[in-house]
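Working notes for the structure below.
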Amino acid sequence: MQWRSLVVGLVVLRLSLSCVLWLTFGLGPGVSFGFNFHLGFNLHKLDLLFREDKGTESKGKTWSQQIQGKRYEQTASTCPQVGQQPPPQRSYLGLFQGNQDEYARRYSSFPDSLKTKMRGMARDMFYFGYDNYMKYAFPKDELNPIDCEGRGPDVLNPSNININDVLGNYSLTLIDTLDTLLVLGNVSEFQRAVRLVIDTVSFDKDSTVQVFEANIRILGSLISAHILLTDPKHPFGEVGFEDYDNELLHLAHDLAVRLLPAFENTNTGIPYPRVNLKTGVPPDSINETCTAGAGSLLVEFGILSRLVGDSTFEWVARRAVRALWKLRSNETGLLGNVVNIQTGQWVSKQSGLGAGMDSFYEYLLKSYILFGEKEDYRMFQSAYESIQIHMRRGRESCNEGEGDPPLYVNVNMFSGEIMNTWIDSLQAFFPGLQVLNGDVDNAICLHAFYYAIWKRFGALPERYNWQLQAPDVLFYPLRPEMVESTYLLYQATKNPFYLHVGMDILQSLETNAKVRCGYATLHHVVDKSKEDRMESFFLSETCKYLYLLFDEDNPLHRSDNKYIFTTEGHVVPIDKRFRERQWSDLGPFTLSPPCPCMNCNRIPEEQRYALPLKSVYMRQIDHMVGLF
(Lines of atoms letter the chains of each structure in order from A and count residues from 1; the text may use other names and numbers.)
(Lines give C-alpha, C1' and ligand atoms only; values in the text may rest on other atoms or scores of the structure.)
Protein backbone atom coordinates (compact mmCIF):
# COMPACT_ATOMS: atom_id res chain seq x y z
CA MET A 1 0.00 0.00 0.00
CA GLN A 2 2.95 2.33 0.62
CA TRP A 3 3.91 2.36 -3.06
CA ARG A 4 0.33 3.21 -4.03
CA SER A 5 0.32 6.12 -1.57
CA LEU A 6 3.63 7.31 -3.01
CA VAL A 7 2.31 7.20 -6.61
CA VAL A 8 -0.89 9.05 -5.63
CA GLY A 9 1.18 11.65 -3.80
CA LEU A 10 3.39 12.24 -6.83
CA VAL A 11 0.35 12.59 -9.10
CA VAL A 12 -1.26 15.12 -6.75
CA LEU A 13 2.02 17.04 -6.49
CA ARG A 14 2.33 17.23 -10.27
CA LEU A 15 -1.27 18.38 -10.71
CA SER A 16 -0.80 21.00 -8.00
CA LEU A 17 2.35 22.31 -9.66
CA SER A 18 0.55 22.52 -13.01
CA CYS A 19 -2.24 24.54 -11.41
CA VAL A 20 0.25 26.92 -9.77
CA LEU A 21 2.01 27.50 -13.09
CA TRP A 22 -1.37 27.98 -14.76
CA LEU A 23 -2.57 30.56 -12.26
CA THR A 24 0.78 32.35 -11.83
CA PHE A 25 1.83 32.78 -15.45
CA GLY A 26 -1.43 32.45 -17.38
CA LEU A 27 0.09 29.75 -19.55
CA GLY A 28 -3.00 28.70 -21.32
CA PRO A 29 -6.29 29.71 -22.84
CA GLY A 30 -9.04 31.29 -20.86
CA VAL A 31 -11.44 28.35 -20.68
CA SER A 32 -15.18 28.50 -20.47
CA PHE A 33 -17.94 26.16 -21.54
CA GLY A 34 -19.52 28.62 -23.95
CA PHE A 35 -18.27 29.56 -27.38
CA ASN A 36 -15.93 32.33 -26.25
CA PHE A 37 -12.76 30.29 -25.92
CA HIS A 38 -9.67 32.41 -26.33
CA LEU A 39 -7.26 30.13 -28.17
CA GLY A 40 -3.80 31.45 -28.84
CA PHE A 41 -1.33 29.60 -31.05
CA ASN A 42 0.85 28.79 -28.03
CA LEU A 43 3.14 26.06 -29.32
CA HIS A 44 6.22 27.51 -27.63
CA LYS A 45 4.66 27.31 -24.18
CA LEU A 46 3.52 23.79 -24.89
CA ASP A 47 7.05 22.92 -25.96
CA LEU A 48 8.47 24.21 -22.68
CA LEU A 49 5.86 22.96 -20.21
CA PHE A 50 4.48 19.66 -21.41
CA ARG A 51 7.48 17.88 -22.88
CA GLU A 52 7.83 14.64 -20.95
CA ASP A 53 11.25 13.72 -22.28
CA LYS A 54 13.78 16.02 -23.89
CA GLY A 55 13.56 15.85 -27.66
CA THR A 56 10.04 14.39 -27.83
CA GLU A 57 6.77 16.18 -28.36
CA SER A 58 3.17 15.14 -28.61
CA LYS A 59 2.03 16.16 -32.07
CA GLY A 60 -1.31 14.40 -32.12
CA LYS A 61 -3.12 16.90 -29.89
CA THR A 62 -3.44 20.61 -29.75
CA TRP A 63 -1.72 22.49 -26.99
CA SER A 64 -5.12 23.55 -25.67
CA GLN A 65 -6.30 19.94 -25.42
CA GLN A 66 -3.21 18.94 -23.51
CA ILE A 67 -3.81 21.71 -20.99
CA GLN A 68 -7.50 20.89 -20.77
CA GLY A 69 -6.58 17.23 -20.36
CA LYS A 70 -4.95 18.09 -17.03
CA ARG A 71 -8.18 19.67 -15.84
CA TYR A 72 -10.27 16.72 -16.92
CA GLU A 73 -7.99 14.43 -14.89
CA GLN A 74 -8.64 16.51 -11.79
CA THR A 75 -12.40 16.06 -12.06
CA ALA A 76 -12.36 12.47 -13.26
CA SER A 77 -13.38 11.15 -9.84
CA THR A 78 -16.91 12.51 -10.29
CA CYS A 79 -18.88 9.41 -11.34
CA PRO A 80 -22.23 9.30 -13.14
CA GLN A 81 -25.22 7.90 -11.32
CA VAL A 82 -26.16 4.28 -11.89
CA GLY A 83 -27.74 3.88 -15.32
CA GLN A 84 -26.70 7.36 -16.44
CA GLN A 85 -24.43 7.81 -19.46
CA PRO A 86 -21.30 9.91 -18.86
CA PRO A 87 -21.44 13.32 -20.52
CA PRO A 88 -19.77 13.28 -23.95
CA GLN A 89 -16.40 15.01 -24.18
CA ARG A 90 -16.57 18.13 -26.23
CA SER A 91 -14.41 18.15 -29.34
CA TYR A 92 -11.82 20.90 -29.57
CA LEU A 93 -12.77 21.41 -33.21
CA GLY A 94 -16.40 21.78 -32.21
CA LEU A 95 -15.48 25.34 -31.30
CA PHE A 96 -14.99 26.07 -34.99
CA GLN A 97 -18.06 24.42 -36.47
CA GLY A 98 -19.92 27.69 -36.90
CA ASN A 99 -21.63 28.24 -40.22
CA GLN A 100 -19.43 26.07 -42.39
CA ASP A 101 -21.50 26.62 -45.50
CA GLU A 102 -20.17 30.17 -45.79
CA TYR A 103 -16.82 28.79 -46.99
CA ALA A 104 -18.42 26.48 -49.53
CA ARG A 105 -20.64 29.28 -50.83
CA ARG A 106 -17.71 31.63 -51.26
CA TYR A 107 -15.02 29.33 -52.65
CA SER A 108 -16.57 26.33 -54.40
CA SER A 109 -17.04 27.87 -57.85
CA PHE A 110 -15.43 30.48 -60.09
CA PRO A 111 -17.19 31.39 -63.35
CA ASP A 112 -15.22 31.60 -66.59
CA SER A 113 -16.27 35.21 -67.09
CA LEU A 114 -14.70 36.17 -63.77
CA LYS A 115 -11.56 34.23 -64.67
CA THR A 116 -11.31 36.24 -67.90
CA LYS A 117 -11.77 39.47 -65.97
CA MET A 118 -9.03 38.55 -63.48
CA ARG A 119 -6.65 37.59 -66.27
CA GLY A 120 -7.16 41.01 -67.83
CA MET A 121 -6.67 42.65 -64.44
CA ALA A 122 -3.35 40.82 -63.95
CA ARG A 123 -2.23 41.82 -67.44
CA ASP A 124 -3.12 45.46 -66.81
CA MET A 125 -1.25 45.36 -63.50
CA PHE A 126 1.91 44.17 -65.23
CA TYR A 127 1.76 46.75 -68.00
CA PHE A 128 1.03 49.61 -65.62
CA GLY A 129 4.29 48.82 -63.83
CA TYR A 130 6.30 47.87 -66.91
CA ASP A 131 5.25 50.78 -69.13
CA ASN A 132 5.99 53.29 -66.39
CA TYR A 133 9.38 51.69 -65.74
CA MET A 134 10.24 52.06 -69.44
CA LYS A 135 8.89 55.62 -69.51
CA TYR A 136 10.39 57.02 -66.31
CA ALA A 137 13.18 54.70 -65.16
CA PHE A 138 14.93 52.79 -67.98
CA PRO A 139 17.92 52.32 -68.26
CA LYS A 140 18.17 52.51 -64.46
CA ASP A 141 17.57 49.41 -62.41
CA GLU A 142 14.24 50.08 -60.71
CA LEU A 143 11.26 52.41 -60.78
CA ASN A 144 10.34 54.65 -57.87
CA PRO A 145 6.59 54.46 -58.50
CA ILE A 146 5.54 57.36 -56.27
CA ASP A 147 7.97 59.97 -57.60
CA CYS A 148 8.00 58.46 -61.11
CA GLU A 149 11.80 58.32 -61.23
CA GLY A 150 14.48 55.73 -61.83
CA ARG A 151 16.67 54.21 -59.14
CA GLY A 152 20.21 52.85 -59.38
CA PRO A 153 22.87 51.82 -56.87
CA ASP A 154 23.39 54.03 -53.82
CA VAL A 155 26.89 55.19 -54.75
CA LEU A 156 26.99 57.70 -51.90
CA ASN A 157 26.42 54.99 -49.31
CA PRO A 158 28.14 51.72 -50.30
CA SER A 159 27.03 50.13 -47.01
CA ASN A 160 23.38 50.39 -48.07
CA ILE A 161 23.22 46.70 -48.99
CA ASN A 162 19.41 46.73 -49.10
CA ILE A 163 19.83 48.64 -52.38
CA ASN A 164 23.35 47.84 -53.54
CA ASP A 165 23.09 44.06 -53.19
CA VAL A 166 20.43 44.10 -55.90
CA LEU A 167 21.00 47.13 -58.11
CA GLY A 168 24.12 46.89 -60.28
CA ASN A 169 23.50 49.65 -62.84
CA TYR A 170 22.51 47.09 -65.47
CA SER A 171 18.81 47.78 -66.24
CA LEU A 172 17.71 45.16 -63.74
CA THR A 173 13.93 45.46 -64.18
CA LEU A 174 14.08 45.20 -67.98
CA ILE A 175 16.24 42.07 -67.88
CA ASP A 176 14.25 40.47 -65.06
CA THR A 177 10.96 40.79 -66.99
CA LEU A 178 12.00 39.43 -70.40
CA ASP A 179 10.24 36.06 -70.19
CA THR A 180 7.18 37.61 -68.53
CA LEU A 181 6.55 39.47 -71.79
CA LEU A 182 6.41 36.12 -73.59
CA VAL A 183 4.15 34.58 -70.96
CA LEU A 184 1.74 37.46 -71.60
CA GLY A 185 1.98 36.79 -75.34
CA ASN A 186 3.67 40.06 -76.31
CA VAL A 187 6.22 38.80 -78.83
CA SER A 188 6.95 42.18 -80.39
CA GLU A 189 7.74 43.86 -77.07
CA PHE A 190 9.85 40.85 -76.05
CA GLN A 191 11.92 41.22 -79.21
CA ARG A 192 12.27 44.98 -78.66
CA ALA A 193 13.34 44.40 -75.05
CA VAL A 194 15.91 41.78 -76.10
CA ARG A 195 17.42 44.22 -78.59
CA LEU A 196 17.56 46.92 -75.91
CA VAL A 197 19.40 44.56 -73.59
CA ILE A 198 21.85 43.57 -76.31
CA ASP A 199 22.48 47.18 -77.33
CA THR A 200 22.65 48.86 -73.91
CA VAL A 201 23.63 46.41 -71.14
CA SER A 202 27.21 45.85 -70.04
CA PHE A 203 28.51 44.18 -66.89
CA ASP A 204 31.84 45.98 -67.00
CA LYS A 205 30.70 48.16 -64.10
CA ASP A 206 32.23 49.25 -60.82
CA SER A 207 29.28 47.77 -58.95
CA THR A 208 29.48 45.51 -55.89
CA VAL A 209 26.49 43.18 -55.97
CA GLN A 210 25.31 40.12 -54.12
CA VAL A 211 26.21 36.93 -55.98
CA PHE A 212 22.86 35.35 -55.18
CA GLU A 213 20.77 38.29 -56.44
CA ALA A 214 22.82 38.74 -59.63
CA ASN A 215 22.48 35.04 -60.29
CA ILE A 216 18.73 34.62 -59.86
CA ARG A 217 17.58 37.95 -61.30
CA ILE A 218 20.06 38.65 -64.11
CA LEU A 219 21.83 35.42 -65.06
CA GLY A 220 18.66 33.37 -64.75
CA SER A 221 16.63 35.73 -66.89
CA LEU A 222 19.26 35.97 -69.64
CA ILE A 223 19.48 32.17 -69.81
CA SER A 224 15.69 31.78 -69.84
CA ALA A 225 15.19 34.37 -72.58
CA HIS A 226 17.96 32.83 -74.68
CA ILE A 227 16.44 29.34 -74.39
CA LEU A 228 12.98 30.59 -75.29
CA LEU A 229 14.39 32.54 -78.26
CA THR A 230 16.11 29.47 -79.64
CA ASP A 231 13.65 26.74 -78.60
CA PRO A 232 12.90 24.70 -81.73
CA LYS A 233 9.51 23.73 -80.29
CA HIS A 234 8.42 27.39 -80.29
CA PRO A 235 5.93 27.20 -77.39
CA PHE A 236 5.20 30.94 -77.73
CA GLY A 237 5.26 30.96 -81.52
CA GLU A 238 8.04 32.37 -83.69
CA VAL A 239 9.79 34.63 -81.20
CA GLY A 240 13.31 34.67 -82.65
CA PHE A 241 14.71 37.14 -85.13
CA GLU A 242 17.20 36.66 -87.94
CA ASP A 243 20.15 38.62 -86.61
CA TYR A 244 20.13 37.06 -83.14
CA ASP A 245 23.57 35.56 -82.57
CA ASN A 246 23.34 34.16 -79.02
CA GLU A 247 24.07 37.58 -77.53
CA LEU A 248 21.99 36.90 -74.40
CA LEU A 249 23.97 33.73 -73.78
CA HIS A 250 27.23 35.66 -74.22
CA LEU A 251 26.02 38.24 -71.69
CA ALA A 252 25.09 35.48 -69.25
CA HIS A 253 28.51 33.88 -69.66
CA ASP A 254 30.25 37.22 -69.13
CA LEU A 255 28.31 37.86 -65.93
CA ALA A 256 28.98 34.37 -64.58
CA VAL A 257 32.72 34.77 -65.18
CA ARG A 258 32.59 38.01 -63.17
CA LEU A 259 30.89 36.14 -60.30
CA LEU A 260 33.49 33.35 -60.18
CA PRO A 261 35.98 35.23 -57.94
CA ALA A 262 33.46 34.76 -55.10
CA PHE A 263 34.42 31.07 -55.07
CA GLU A 264 38.17 31.69 -54.80
CA ASN A 265 40.23 31.85 -51.59
CA THR A 266 37.60 30.26 -49.36
CA ASN A 267 38.68 27.38 -47.16
CA THR A 268 35.33 25.62 -47.44
CA GLY A 269 34.38 26.17 -51.08
CA ILE A 270 31.39 28.22 -49.91
CA PRO A 271 31.45 31.51 -51.87
CA TYR A 272 31.80 35.05 -50.61
CA PRO A 273 28.43 36.82 -50.59
CA ARG A 274 29.44 39.76 -52.81
CA VAL A 275 31.71 40.62 -55.73
CA ASN A 276 32.64 43.77 -57.58
CA LEU A 277 31.88 43.20 -61.25
CA LYS A 278 35.17 44.85 -62.24
CA THR A 279 37.62 43.92 -59.50
CA GLY A 280 36.33 40.76 -57.83
CA VAL A 281 35.85 40.21 -54.10
CA PRO A 282 36.17 43.53 -52.21
CA PRO A 283 39.13 43.61 -49.79
CA ASP A 284 36.80 44.40 -46.87
CA SER A 285 34.37 41.56 -47.68
CA ILE A 286 32.88 39.69 -44.74
CA ASN A 287 33.43 35.95 -44.27
CA GLU A 288 29.78 35.19 -43.50
CA THR A 289 27.01 34.18 -45.85
CA CYS A 290 23.55 32.68 -45.59
CA THR A 291 22.75 29.12 -46.62
CA ALA A 292 20.34 30.15 -49.39
CA GLY A 293 22.74 32.73 -50.80
CA ALA A 294 25.58 30.24 -51.14
CA GLY A 295 23.54 27.16 -51.95
CA SER A 296 21.05 28.45 -54.55
CA LEU A 297 23.29 28.86 -57.59
CA LEU A 298 23.15 25.37 -59.03
CA VAL A 299 20.16 25.71 -61.38
CA GLU A 300 21.46 28.75 -63.28
CA PHE A 301 25.14 27.75 -63.15
CA GLY A 302 24.30 24.18 -64.14
CA ILE A 303 22.23 25.20 -67.16
CA LEU A 304 24.94 27.66 -68.24
CA SER A 305 27.62 24.95 -68.03
CA ARG A 306 25.55 22.74 -70.31
CA LEU A 307 24.80 25.52 -72.78
CA VAL A 308 28.43 26.65 -73.17
CA GLY A 309 30.09 23.26 -72.59
CA ASP A 310 32.17 24.45 -69.62
CA SER A 311 31.93 22.49 -66.36
CA THR A 312 33.44 25.27 -64.23
CA PHE A 313 30.18 26.96 -63.31
CA GLU A 314 28.33 23.83 -62.26
CA TRP A 315 31.43 22.54 -60.47
CA VAL A 316 31.79 25.56 -58.17
CA ALA A 317 28.05 25.72 -57.48
CA ARG A 318 27.85 22.02 -56.69
CA ARG A 319 30.96 22.21 -54.49
CA ALA A 320 29.25 24.92 -52.42
CA VAL A 321 26.12 22.80 -51.98
CA ARG A 322 28.18 19.81 -50.88
CA ALA A 323 30.18 21.93 -48.44
CA LEU A 324 27.01 23.23 -46.80
CA TRP A 325 25.52 19.74 -46.70
CA LYS A 326 28.55 18.38 -44.85
CA LEU A 327 28.05 21.01 -42.14
CA ARG A 328 24.54 19.85 -41.23
CA SER A 329 23.86 18.59 -37.71
CA ASN A 330 24.59 14.93 -37.07
CA GLU A 331 21.73 14.87 -34.57
CA THR A 332 18.90 16.48 -36.55
CA GLY A 333 20.10 16.61 -40.14
CA LEU A 334 19.32 20.35 -40.18
CA LEU A 335 21.46 23.24 -41.43
CA GLY A 336 21.84 26.65 -39.87
CA ASN A 337 21.09 30.03 -41.37
CA VAL A 338 24.46 31.84 -41.53
CA VAL A 339 27.90 30.23 -41.86
CA ASN A 340 31.53 31.40 -41.81
CA ILE A 341 32.97 30.53 -45.21
CA GLN A 342 36.52 30.16 -43.88
CA THR A 343 35.99 28.14 -40.69
CA GLY A 344 32.75 26.33 -41.54
CA GLN A 345 31.33 27.37 -38.18
CA TRP A 346 27.65 28.26 -37.95
CA VAL A 347 27.15 31.93 -37.07
CA SER A 348 23.38 31.57 -36.84
CA LYS A 349 22.11 28.21 -35.64
CA GLN A 350 18.50 28.96 -36.52
CA SER A 351 17.00 26.48 -38.96
CA GLY A 352 13.78 27.34 -40.77
CA LEU A 353 12.11 27.58 -44.16
CA GLY A 354 12.21 31.33 -44.72
CA ALA A 355 14.84 34.02 -45.23
CA GLY A 356 18.38 32.71 -45.52
CA MET A 357 17.37 29.10 -46.17
CA ASP A 358 14.34 28.93 -48.48
CA SER A 359 15.80 28.46 -51.95
CA PHE A 360 18.51 26.05 -50.73
CA TYR A 361 15.82 23.39 -50.31
CA GLU A 362 14.05 24.52 -53.48
CA TYR A 363 17.14 24.09 -55.64
CA LEU A 364 17.97 20.64 -54.32
CA LEU A 365 14.69 19.40 -55.81
CA LYS A 366 14.70 21.56 -58.94
CA SER A 367 18.31 20.64 -59.74
CA TYR A 368 17.31 17.00 -59.64
CA ILE A 369 14.29 17.63 -61.87
CA LEU A 370 16.45 19.48 -64.41
CA PHE A 371 19.72 17.53 -64.33
CA GLY A 372 18.73 14.11 -63.01
CA GLU A 373 21.60 13.88 -60.52
CA LYS A 374 20.43 11.40 -57.90
CA GLU A 375 22.67 12.98 -55.29
CA ASP A 376 20.51 16.13 -55.41
CA TYR A 377 17.34 14.16 -54.75
CA ARG A 378 18.91 12.16 -51.92
CA MET A 379 19.90 15.42 -50.24
CA PHE A 380 16.42 16.84 -50.76
CA GLN A 381 14.68 13.76 -49.39
CA SER A 382 16.91 13.77 -46.31
CA ALA A 383 16.38 17.49 -45.74
CA TYR A 384 12.62 17.17 -46.19
CA GLU A 385 12.45 14.33 -43.68
CA SER A 386 14.40 16.39 -41.12
CA ILE A 387 12.07 19.34 -41.70
CA GLN A 388 9.01 17.18 -41.10
CA ILE A 389 10.48 15.70 -37.92
CA HIS A 390 11.91 18.82 -36.29
CA MET A 391 10.13 21.90 -37.70
CA ARG A 392 6.58 20.71 -38.26
CA ARG A 393 4.13 21.23 -35.40
CA GLY A 394 0.39 20.56 -35.19
CA ARG A 395 -1.83 17.62 -36.03
CA GLU A 396 -0.52 14.75 -38.09
CA SER A 397 -2.94 15.15 -40.99
CA CYS A 398 -3.94 18.42 -42.61
CA ASN A 399 -7.54 17.44 -43.33
CA GLU A 400 -8.28 14.94 -40.58
CA GLY A 401 -8.19 14.68 -36.81
CA GLU A 402 -8.02 17.00 -33.83
CA GLY A 403 -5.35 19.54 -33.03
CA ASP A 404 -3.73 22.71 -34.23
CA PRO A 405 -3.13 23.14 -37.96
CA PRO A 406 0.32 22.13 -39.21
CA LEU A 407 2.90 24.90 -39.06
CA TYR A 408 6.66 24.94 -39.65
CA VAL A 409 8.57 26.82 -36.96
CA ASN A 410 12.13 28.08 -36.55
CA VAL A 411 14.25 25.71 -34.49
CA ASN A 412 17.80 25.24 -33.27
CA MET A 413 19.64 23.19 -35.87
CA PHE A 414 21.30 20.98 -33.24
CA SER A 415 18.48 20.36 -30.77
CA GLY A 416 15.26 20.97 -32.73
CA GLU A 417 14.05 23.30 -29.95
CA ILE A 418 11.87 26.24 -31.00
CA MET A 419 14.00 29.40 -31.16
CA ASN A 420 11.32 32.04 -31.66
CA THR A 421 7.63 32.43 -32.41
CA TRP A 422 7.63 34.10 -35.81
CA ILE A 423 7.46 32.94 -39.40
CA ASP A 424 8.37 35.12 -42.38
CA SER A 425 6.72 35.79 -45.70
CA LEU A 426 9.43 34.04 -47.72
CA GLN A 427 8.31 30.76 -46.15
CA ALA A 428 5.10 31.05 -48.19
CA PHE A 429 7.06 29.51 -51.08
CA PHE A 430 7.14 26.14 -49.30
CA PRO A 431 3.64 24.91 -50.23
CA GLY A 432 4.64 25.27 -53.87
CA LEU A 433 7.73 23.17 -53.27
CA GLN A 434 5.62 20.60 -51.46
CA VAL A 435 3.39 20.39 -54.55
CA LEU A 436 6.43 19.62 -56.70
CA ASN A 437 7.39 16.94 -54.20
CA GLY A 438 3.90 15.40 -54.25
CA ASP A 439 3.03 16.33 -50.66
CA VAL A 440 -0.12 18.20 -51.63
CA ASP A 441 -1.93 17.57 -48.33
CA ASN A 442 0.66 19.44 -46.27
CA ALA A 443 0.89 22.12 -48.95
CA ILE A 444 -2.85 22.81 -48.67
CA CYS A 445 -2.70 23.38 -44.92
CA LEU A 446 0.37 25.63 -44.83
CA HIS A 447 -0.96 27.71 -47.73
CA ALA A 448 -4.27 28.14 -45.91
CA PHE A 449 -2.45 29.58 -42.89
CA TYR A 450 -0.68 32.18 -45.03
CA TYR A 451 -3.89 32.99 -46.85
CA ALA A 452 -5.60 33.68 -43.53
CA ILE A 453 -2.81 36.15 -42.68
CA TRP A 454 -3.29 37.77 -46.09
CA LYS A 455 -7.04 38.10 -45.51
CA ARG A 456 -6.43 39.82 -42.20
CA PHE A 457 -3.92 42.40 -43.47
CA GLY A 458 -4.45 42.54 -47.24
CA ALA A 459 -0.75 41.62 -47.56
CA LEU A 460 1.87 39.41 -45.91
CA PRO A 461 3.93 41.14 -43.22
CA GLU A 462 7.62 40.33 -43.54
CA ARG A 463 7.43 38.54 -40.19
CA TYR A 464 4.33 37.32 -38.40
CA ASN A 465 4.33 36.26 -34.74
CA TRP A 466 2.00 33.27 -34.45
CA GLN A 467 1.98 33.44 -30.67
CA LEU A 468 1.03 37.12 -30.46
CA GLN A 469 -1.18 36.96 -33.57
CA ALA A 470 0.51 40.13 -34.81
CA PRO A 471 3.23 41.20 -37.26
CA ASP A 472 6.78 41.46 -35.93
CA VAL A 473 8.13 43.18 -39.07
CA LEU A 474 5.47 45.21 -40.80
CA PHE A 475 6.54 45.88 -44.40
CA TYR A 476 5.52 43.99 -47.56
CA PRO A 477 7.68 44.57 -50.68
CA LEU A 478 5.18 42.97 -53.11
CA ARG A 479 6.75 39.52 -52.72
CA PRO A 480 5.57 36.68 -55.02
CA GLU A 481 5.87 33.60 -52.79
CA MET A 482 2.23 33.47 -51.75
CA VAL A 483 1.08 33.86 -55.36
CA GLU A 484 3.54 31.24 -56.58
CA SER A 485 2.22 28.61 -54.15
CA THR A 486 -1.36 29.56 -55.02
CA TYR A 487 -0.64 29.03 -58.72
CA LEU A 488 1.08 25.68 -58.22
CA LEU A 489 -1.68 24.41 -55.92
CA TYR A 490 -4.26 25.37 -58.53
CA GLN A 491 -2.29 23.53 -61.21
CA ALA A 492 -2.19 20.46 -58.98
CA THR A 493 -5.82 20.48 -57.79
CA LYS A 494 -7.77 22.67 -60.25
CA ASN A 495 -9.77 23.70 -57.20
CA PRO A 496 -11.60 27.05 -57.65
CA PHE A 497 -10.63 27.97 -54.10
CA TYR A 498 -7.21 29.03 -55.39
CA LEU A 499 -8.73 31.26 -58.05
CA HIS A 500 -10.52 33.08 -55.24
CA VAL A 501 -7.23 33.41 -53.37
CA GLY A 502 -5.64 34.90 -56.48
CA MET A 503 -8.52 37.31 -56.90
CA ASP A 504 -8.17 38.44 -53.28
CA ILE A 505 -4.45 39.06 -53.83
CA LEU A 506 -5.06 40.98 -57.05
CA GLN A 507 -7.70 43.19 -55.49
CA SER A 508 -5.57 43.82 -52.40
CA LEU A 509 -2.63 44.93 -54.54
CA GLU A 510 -4.84 47.22 -56.60
CA THR A 511 -6.36 48.75 -53.48
CA ASN A 512 -3.34 48.97 -51.21
CA ALA A 513 -0.21 49.22 -53.38
CA LYS A 514 -1.14 51.07 -56.59
CA VAL A 515 0.27 54.59 -56.87
CA ARG A 516 0.83 57.18 -59.57
CA CYS A 517 3.37 55.28 -61.69
CA GLY A 518 3.28 51.68 -60.50
CA TYR A 519 2.94 49.59 -57.37
CA ALA A 520 4.76 50.54 -54.20
CA THR A 521 6.17 48.56 -51.30
CA LEU A 522 3.88 48.64 -48.27
CA HIS A 523 5.86 50.12 -45.39
CA HIS A 524 3.19 49.10 -42.87
CA VAL A 525 0.65 46.36 -43.58
CA VAL A 526 -1.78 47.75 -41.00
CA ASP A 527 -1.96 51.44 -41.89
CA LYS A 528 -0.96 50.75 -45.55
CA SER A 529 1.69 53.51 -45.65
CA LYS A 530 4.09 53.06 -48.56
CA GLU A 531 7.75 53.19 -49.56
CA ASP A 532 8.81 54.52 -52.95
CA ARG A 533 10.16 51.28 -54.40
CA MET A 534 8.92 48.68 -56.86
CA GLU A 535 11.30 45.71 -56.82
CA SER A 536 11.91 43.90 -60.10
CA PHE A 537 10.42 40.65 -58.79
CA PHE A 538 6.98 42.26 -58.74
CA LEU A 539 6.94 42.22 -62.56
CA SER A 540 9.09 39.13 -62.97
CA GLU A 541 7.18 36.90 -60.54
CA THR A 542 4.14 38.36 -58.78
CA CYS A 543 2.40 39.54 -61.95
CA LYS A 544 3.54 36.49 -63.93
CA TYR A 545 2.08 33.97 -61.48
CA LEU A 546 -1.14 35.96 -61.14
CA TYR A 547 -1.58 36.03 -64.91
CA LEU A 548 -0.80 32.31 -65.31
CA LEU A 549 -3.24 31.44 -62.52
CA PHE A 550 -6.15 32.76 -64.61
CA ASP A 551 -4.84 31.84 -68.08
CA GLU A 552 -5.77 28.20 -68.60
CA ASP A 553 -4.81 28.29 -72.28
CA ASN A 554 -1.33 29.72 -71.82
CA PRO A 555 1.29 27.98 -73.98
CA LEU A 556 3.09 26.92 -70.81
CA HIS A 557 0.01 24.90 -69.89
CA ARG A 558 -0.71 23.54 -73.39
CA SER A 559 2.78 22.75 -74.63
CA ASP A 560 3.93 19.13 -74.96
CA ASN A 561 7.14 20.19 -73.24
CA LYS A 562 7.31 20.60 -69.46
CA TYR A 563 8.64 23.71 -67.80
CA ILE A 564 9.86 24.66 -64.37
CA PHE A 565 10.37 28.05 -62.74
CA THR A 566 13.61 29.21 -61.17
CA THR A 567 13.45 30.80 -57.74
CA GLU A 568 13.05 34.16 -59.50
CA GLY A 569 10.18 32.81 -61.60
CA HIS A 570 12.12 32.46 -64.84
CA VAL A 571 10.84 29.80 -67.24
CA VAL A 572 13.19 26.96 -68.22
CA PRO A 573 12.23 23.75 -70.02
CA ILE A 574 12.74 20.30 -68.55
CA ASP A 575 14.92 19.20 -71.46
CA LYS A 576 16.91 16.03 -71.99
CA ARG A 577 19.89 18.09 -73.17
CA PHE A 578 20.25 19.39 -69.61
CA ARG A 579 20.64 15.78 -68.47
CA GLU A 580 23.64 15.33 -70.71
CA ARG A 581 27.09 16.79 -70.17
CA GLN A 582 30.36 16.57 -72.02
CA TRP A 583 32.45 16.11 -68.87
CA SER A 584 32.79 13.59 -66.06
CA ASP A 585 34.81 15.45 -63.45
CA LEU A 586 31.98 16.52 -61.15
CA GLY A 587 31.86 13.34 -59.12
CA PRO A 588 30.50 9.78 -59.16
CA PHE A 589 26.91 10.70 -60.00
CA THR A 590 24.17 8.54 -61.44
CA LEU A 591 21.70 10.12 -63.82
CA SER A 592 18.09 9.15 -63.35
CA PRO A 593 15.49 8.96 -66.11
CA PRO A 594 13.56 12.18 -66.75
CA CYS A 595 11.20 13.11 -63.95
CA PRO A 596 7.52 13.03 -64.96
CA CYS A 597 7.03 15.95 -62.53
CA MET A 598 3.29 15.39 -62.36
CA ASN A 599 1.77 14.54 -59.00
CA CYS A 600 -1.86 15.41 -59.68
CA ASN A 601 -2.95 11.77 -59.53
CA ARG A 602 -1.86 11.66 -55.88
CA ILE A 603 -4.62 14.05 -54.86
CA PRO A 604 -7.75 12.40 -53.47
CA GLU A 605 -10.65 12.75 -55.88
CA GLU A 606 -12.79 14.62 -53.35
CA GLN A 607 -10.17 17.35 -52.96
CA ARG A 608 -10.38 18.22 -56.64
CA TYR A 609 -13.99 19.35 -56.42
CA ALA A 610 -14.77 20.15 -52.78
CA LEU A 611 -12.91 22.73 -50.73
CA PRO A 612 -9.25 21.73 -50.51
CA LEU A 613 -9.46 22.14 -46.72
CA LYS A 614 -12.55 21.25 -44.73
CA SER A 615 -14.56 24.22 -43.55
CA VAL A 616 -13.99 23.45 -39.88
CA TYR A 617 -10.22 23.64 -40.38
CA MET A 618 -10.47 26.83 -42.44
CA ARG A 619 -12.47 28.42 -39.67
CA GLN A 620 -9.95 27.21 -37.10
CA ILE A 621 -7.05 28.80 -39.00
CA ASP A 622 -8.96 32.05 -39.51
CA HIS A 623 -9.53 32.18 -35.76
CA MET A 624 -5.89 31.49 -34.98
CA VAL A 625 -4.71 34.52 -36.94
CA GLY A 626 -7.31 36.78 -35.35
CA LEU A 627 -9.88 37.06 -38.12
CA PHE A 628 -12.70 36.58 -35.61
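Note: Cβ is positioned from N, Cα and C throughout, glycine not excepted.
Keep in mind that TrEMBL annotations are predicted by a computer and have not been checked by a curator.
Sequence-distant contacts of GLU213 (active site, proton donor), defined as residues of its own chain at least six apart whose C-beta falls under 8 angstroms from its C-beta, comprise ASP165, VAL166. For GLU213 (among others), the entry in TrEMBL reads active site, proton donor.
Under a cutoff of 8 A between CB atoms, and with a sequence separation of 6+ in the same chain, the neighbours of ASP358 (active site) are ALA292, LEU426, GLN427, PHE429, PHE430, THR567. Residues or ranges marked as active site by TrEMBL: ASP358 (among others).
For GLU462 (active site, proton donor), other Cβ atoms within 10 Å of its Cβ number 21. Annotation source TrEMBL lists active site, proton donor at GLU462 (among others).
Sequence-distant neighbours of GLU481 (active site) (same chain, 6+ apart, CB under 8 A from its CB) are SER425, LEU426, GLN427, ALA428, PHE429, GLY432, LEU460. The active site feature in TrEMBL is assigned to GLU481 (among others).
Annotation source TrEMBL lists Ca(2+) binding site at THR567. Residue density at THR567 (Ca(2+) binding site): 25 other Cβ atoms are found within 10 A of its Cβ, drawing on all protein chains shown.
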